[in-house]
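Per TrEMBL, the feature GTP binding site maps to B:108-115, B:191-195, B:249-252. As annotated by TrEMBL, domain 'SRP54-type proteins GTP-binding' applies to B:270-283.
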Amino acid sequence: MSFFKKLKSKFIKEETEEVSTKYKKGMKKTRNTFSGRINDLIARYRKVDEDFFEELEEVLITADVGVMTVMDLIDELKMEVKRSNIKETAEVKAVISEKMVELYYGEDEEGLEYLNIQEDDLSVLLVVGVNGVGKTTSIGKLAHQLKQQGKNVVLAAGDTFRAGAIEQLEEWGKRADVEVIKQSEGSDPAAVIYDGIQAAKSRKADVLICDTAGRLQNKVNLMKELSKVKRVIEREIPGAPHEVLIALDATTGQNALSQAKTFSEATNVTGIILTKLDGTAKGGIVLAIRQELDIPVKYVGLGEQIEDLQPFDPHAFVYGLFADMMDEKDESDEDEIVEDE
Amino acid sequence: MAFEGLAERLQDTIKKITGKGKVSEQDVKEMTREVRLALLEADVNFKVVKDLIKRIKERAIGQEVMDSLTPGQQVIKVVKDELTDLMGGEHSKIAVAPKPPTVIMMVGLQGAGKTTTSGKLANLLRKKYNRSPLLVACDVYRPAAVDQLETLGKQLNMPVFSQGTDANPVDIAKQAIEEAKENHYDYVIVDTAGRLHVDENLMDELTQMKETVNPDEIFLVVDAMTGQDAVNVAKSFDEQLDISGVVLTKLDGDTRGGAALSIRAVTGKPIKFAGMGEKLDQLEPFHPDRMASRILGMGDVLTLIEKAQTTVDEKQAKELEEKMRTMSFTFEDFLEQMGQVKKMGPLEDLMTMIPGMNKMKGLKNVQIDEKQLDQVEAIVYSMTKEERQQPEIMNASRKKRIAKGSGTSVSQVNRLLKQFNEMKKMMKQMTNMQKGKKAKGFKFPFM
Ligand SMILES: Nc1nc2c(ncn2[C@@H]2O[C@H](COP(=O)(O)OP(=O)(O)OP(=O)(O)O)[C@@H](O)[C@H]2O)c(=O)[nH]1
Ligand SMILES: [Mg+2]
């Protein structure tokens, strides 16, 4: 179902159906945080008029949500406003805040952000993406987190191309205190990953995380190389890789959609790590990616330190898209958001 | 995907209008709507688009367009003019300090490509300007950033000044300049750590470095795929450091690169170079006019033609052009061409530069099979001299002979002959386009 068909069905369903308790529970967090913010926004516009929608459009486009997605969304909102005879902006609250989060989940249950990690067998994670988006850093952070959870983690230095890439992963290995399997610069990445798998098996590791060289998605040969790496993993361990994570830079605009699409074609991506959200960019394109390609965000990167990786929280994320639309920021509210994450 | 070039999308709107001979305000409105969408989809900043559209509308509703015979094309011309104006002229010059060394600081967000670009710039300075640059490793924060620059130095066989990761970046830069003076390096390229424009401490560090080393150039390195946030980034860096220019990286990707326009609009600083690949010689002067048509999704015919010209030598190119124009292009030229094409680099890269190519079904993600090229070559080699020069004389028995000689089939020979004819036609159109004439088969409204 398309994004907006889904959206429409949500509207219609809500008019007829009772809101389930689960839904209520799921949305409680939103009410506390995001809806609260939307309330502020809405208080500034007494009437739901063109100006209101125009600012909403600007806010969403500026967050890189994508012009087509935004226009469709606004059209739906306008129709809903008409249909339900909404005059006061206060009433639009439910329509914007809850719908966006619900839309993100779609037919799925909450909990999309959990990694598929095997209970008592080796899990292999493959990390892919274009140059400089934060693959290696995220691997370091993730290794640290998994290690903290008591997992035995091994890293494979599959970027044999970029100068200093192996040393970089080794440094992260040291920081997270996990082993790094490597070969020399310029060697075959598939061979390194193969070594990584053998090492992880023989050490009875719980998780193997494979780094890969950054590559632009329009380089056909490099994408083929990546498919080959994935095939090696598939061949060595049935059911692996258990996750293929694409690192997307929140600063990236509409091209992120093309990245997600092309990397998926080559490696069947299962989740997104949205990096650099600690800057001023919002990463709104992941909404379109979720809708068009059904790929959920698993983690967000919030800095360069080893602790700066958090599970994705759609509520906080959607709030972030609108953050600039609120004028004043209130310290106590800020705390509330942090608590909720 | 809902991602079509403006050219394709505008066609419908323009078709409607061309029949009319005159455009109404409503028509202009419809067209500017499309232009707006294209710009936003290309990641040009919302506010920048707003201003641009306002100017475009004013001009498009004016006499110059309304009275013209081809209003549709005229509107596109206005759009392109406005865009090209905003993009500014060409500026691929690098400063030269009156007293060496000339100091260049590379700054930008994390992952933008500063280190690689530093290496490329050093390479360019040595190769094109015959200079001796010293690379300086001031990224002491990112793990192995120093190793990365040192490795690049080794690859280039160029000196890298580094003091590990415990030293202060400002001190490193200062001492590097002393070193450059002593050893008569005439350029110092300072690679700094990536940082967020809102990170006050790290931004202060750059300000301090600037005050200490007094750079002749400060290049802001920006990823071409950057979205709406490009304006915030560029504005902050420019306000705090007064940058002298921008280097746009990863332009070899398939992004429209609207960030380029946003950055120009908010800083007014020239975009000087474009990173076109991971190899150390893939740094090119930035062409504002081409960027304008790329942002609009009009492909990059110019680059393609120029690329062909720099590879094919001048005289050959002239001859070839003449042949293309008069359609006296033969299979012998074709063989020669194939050799040239192979020299031009991966065919996939070339294909993406032809407008509309990536839109064509079957051509999308085309993988040019080198084996197929060999077959084509084999077929041509099996032709007699006469056949190569006058493919018209080809008949059934000749075809059979050629197929046998090349280890292919008659249908393969036929296919090549057909393709050859089509190619001849296309070449004729391309040479016409280059001359600014209207190309018929290419249905682009802006030509
Ligand atoms: N501020 C911020 N910086 C980040 C984050 N994640 C990564 N970075 C920085 O982004 C830069 C690039 O990160 P890398 O991990 O090297 O990216 P990569 O994708 O492995 O890069 P290549 O291997 O070169 O393609 C580094 O300077 C990182 O410190 C984040 O969440 N926030
Ligand atoms: Mg890496």
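Every residue gets a Cβ built from N, Cα and C, even glycine.
Projection of TrEMBL feature records onto the structure.
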residue  : record           : Cβ neighbours (10 Å)
B:GLY108 : GTP binding site : 26
B:GLY111 : GTP binding site : 23
B:LYS114 : GTP binding site : 28
B:THR192 : GTP binding site : 28
B:ARG195 : GTP binding site : 21
B:LEU251 : GTP binding site : 23
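For the domain 'SRP54-type proteins GTP-binding' (B:270-283), the DSSP-based tally of helix, strand and coil residues reads 0 helix, 6 strand, 8 coil. Listed binding-site residues (B:GLY108, B:GLY111, B:LEU251) with a CB under 8 Å from any chain A CB: B:GLY111.
In three-state terms derived from DSSP, B:ARG195 (GTP binding site) belongs to neither a helical nor a strand segment and is classed as coil. The binding-site residues near ligand 1, defined by a Cβ under 6 Å from one of its atoms, are B:GLY111, chosen from B:GLY108, B:GLY111, B:THR192, B:ARG195, B:LEU251. Per-residue pLDDT, averaged across the domain 'SRP54-type proteins GTP-binding' (B:270-283), gives 94.
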